[in-house]
Ligand code: BES
Ligand code: MN
Ligand code: ZN
């Protein structure tokens with residue numbers, strides 16, 4: 001993805017720019033403090049407003065080519081409605097629409113006036129950062145060769161300045177986030193015959209080579225020998241070799257790292273507890289947690305914050321077959337705790353528990369955060385707009401939630417407690433891998449909690465947020481923004 005050159009110093013003149021984008025409110029007023037051609041621009045807008053050709057309605061965007069009396073090739077007008085009542089959602093939606101139009105044009109050097117407006121409770125710094133993120137992220141196109149032939153017009157947009165002063169650090173943060181999201185989206189969009197555990201391992205290795213991370217990959221035989229009986233029970237049904245992918249980013253000296261653990265099921269058929277056929281194709285995004293962790297590492301490589309972070313990614317397919325695990329099988333996890341597999345479709349927790357144990361044994365982390373498309377129940381509980389978050393350390397949960405609020409990549413906390421833990425009782429092992437239909441997201445987290453007793457831990461259930469269904473079907477790149485923001489805040493300045 002080609003990088004936009006962002007400038008943090010405000011510009012009020014149109015010299016050096018071929019395009020200008022400005023905000024207009026519902027009264028047809030240009031929102032701009034000291035743009036040089038302000039009066040001419042306002043005249044144009046007033047005419048369009050009177051004729052009804054541009055009402056300033058929230059989210060509308062109109063491009064004027066060679067605007068009269070304004071010294072640019074293109075002028076983009078973006079309607080933001082009643083700007084006193086502007087919501088985050090409306091503002092960000094308008095930016096997405098505007099970015100699409102700018103990138104589809106011949107625009108090369110853009111002066112951006114949209115950060116002069118901020119939604120309720122936000123400021124122009126926030127707006128500039130969101131503009132940087134959304135314009136950069138809008139370059140993303142799914143171009144994997146398996147897609148076949150299609151026209152791939154790369155946008156010409158090369159540089160962007162704002163009409164307000166912006167913070168260079170926030171602009172870099174936004175850009176790194178967009179690059180991370182691109183990787184996350186690409187991996188989750190890729191067909192499951194291409195995006196295999198080996199492919200994820202290779203991607204991690206390439207990231208390590210590019211950015212100087214340490215990486216190591218554990219293979220099936222090794223993991224069997226080490227005693228990862230739970231992860232291996234999921235992997236045994238698949239002919240495709242499983243991998244445990246480990247990466248270390250060292251930017252914070254010798255302090256204990258934060259461990260990120262991502263569910264990397266590259267295809268979830270359900271196993272012997274086979275899923276119904278409808279929309280089963282979407283289960284290629286069951287590696288959305290892994291893709292998020294890799295995207296976050298890409299952002300870390302770009303930003304180089306002063307912090308230590310390790311990634312541990314268990315990756316496998318979940319397949320039925322002659323070698324597959326059966327309901328009723330009892331396995332011994334790396335922690336020594338035994339598990340009765342009552343449903344082979346609850347495979348995410350089976351691979352995560354061994355990864356969580358391995359991460360703690362190997363890296364002695366100060367905090368552990370896992371990300372997983374773990375339960376359909378999370379989509380039923382929360383829908384597709386917020387990720388679920390649960391954990392054993394309220395400070396950690398609050399910090400991640402705050403990072404999600406700041407980036408509008410929101411999370412909502414669900415409770416944990418002994419009452420739900422009791423649902424995991426088994427007559428034949430230390431625990432069952434399912435807890436019944438009631439509170440499915442909570443019992444899944446309760447299962448993981450049994451493997452993270454000694455460390456501050458948070459679990460993100462991203463089943464509803466990592467993927468967008470319907471007409472614009474595809475990976476969302478979430479929760480990369482929240483996680484990059486969180487890690488950046490944890491870093492020493
Ligand atoms: N990968 C699924 C969860 C999922 C469902 C993610 C829909 C995204 C969209 C997970 O492995 C799974 O199958 N979970 C089961 C758990 C159940 C058997 C306890 C579920 O949610 O039905
Ligand atoms: Mn499953
Ligand atoms: Zn799954």
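For all residues, glycine too, the Cβ spot is worked out from N, Cα and C.
Feature list (source: TrEMBL):
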{"type": "ACT_SITE", "residues": "275", "note": "active site"}
{"type": "ACT_SITE", "residues": "349", "note": "active site"}
{"type": "BINDING", "residues": "263, 268, 286, 347", "note": "Mn(2+) 2 binding site"}
{"type": "BINDING", "residues": "268, 345, 347", "note": "Mn(2+) 1 binding site"}
{"type": "DOMAIN", "residues": "343-350", "note": "domain 'Cytosol aminopeptidase'"}
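Where TrEMBL records a feature, it is marked here on the structure.
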residue	record	CB count, 10 Å
263	Mn(2+) 2 binding site	30
268	Mn(2+) 2 binding site	25
275	active site	16
286	Mn(2+) 2 binding site	27
345	Mn(2+) 1 binding site	18
347	Mn(2+) 2 binding site	30
349	active site	29
- Task: Quick one: of the recorded positions 263, 268, 275, 345, 349, flag those whose CB is under 6 Å from ligand 1, and say none if nothing qualifies.
- Result: 268, 345
- By CA-CA distance, flag whichever of 263, 268, 275, 286 among the recorded positions is nearest to residue 349 (active site). 263
- Near residue 345 (Mn(2+) 1 binding site), which of the recorded positions 263, 268, 275 can be found within 10 Å, Cα to Cα? 268, 275
- Those recorded positions in 263, 268, 275, 286, 345, 349 whose CB falls under 6 A of ligand 3, listed in sequence order: 268, 286
- Task: Translate the DSSP assignment of residue 268 (Mn(2+) 2 binding site) into the three-state scheme.
- Result: strand
- Item | Rounded Cα-Cα span from residue 268 (Mn(2+) 2 binding site) to residue 275 (active site), Å | 8
- In the predicted model, what is the mean pLDDT computed over the domain 'Cytosol aminopeptidase' (343-350)? 98
- Residues among the recorded positions 263, 268, 275, 286, 345, 347 that border ligand 2 - Cβ under 6 angstroms, in sequence order: 268, 345, 347
- Query: Taking the centroid of the Cβ atoms of 263, 268, 286, 347 as the Mn(2+) 2 site, which other residues of that chain lie with their Cβ within 8 Å of it, listed in sequence order?
  - Reply: 265, 283, 287, 318, 348, 351, 372, 373, 374
